[in-house]
Amino acid sequence: MQPCRKVCDRAQESCGELMERNGYQWPEGLRCETLPVERHGTLCVTPPETIDTDGRTPSSTAADVESALGPIRDMLERLQRIAQLQEENMRLQQEKLRLEIQLLQRKFPREQ
């Protein structure tokens, strides 16, 4: 399951400028426009409304940015793996349907 687009948008809004100031670009694999928009019936993950920061404030050091990128990279890898699994599942479902159609065509041949 993917994060909802607003999760990515919020992360990019809060981290994007800081990353750029420290010489990093927003990861190409985390393009927010590719993520689903949260709507009724949409399956995507949203964060809790409040995030406990333990009283810490954002820091602009390169080390802090680099340490923050670790979880983002991990999430990106998980999302890529989920996408691969979803694609494989779709391919298998299509193959199953193709085989079921063939079976039905053999069972009920068209009269010519």
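Including glycine, each Cβ sits where the backbone N, Cα and C put it.
Automated prediction, rather than curation, is the source of TrEMBL annotations.
These figures come from a predicted structure and were not determined experimentally.
What TrEMBL records for this protein:
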COILED    75-107  coiled coil
DISULFID  Cys8-Cys32  disulfide bond
DOMAIN    1-47  domain 'FZ'
REGION    44-63  region 'Disordered'
Is it possible to list how many residues within the domain 'FZ' (1-47) are helical, extended or coil according to DSSP?
23 helix, 2 strand, 22 coil
Grab the pLDDT values for the coiled coil (75-107) and give me their mean, rounded.
92
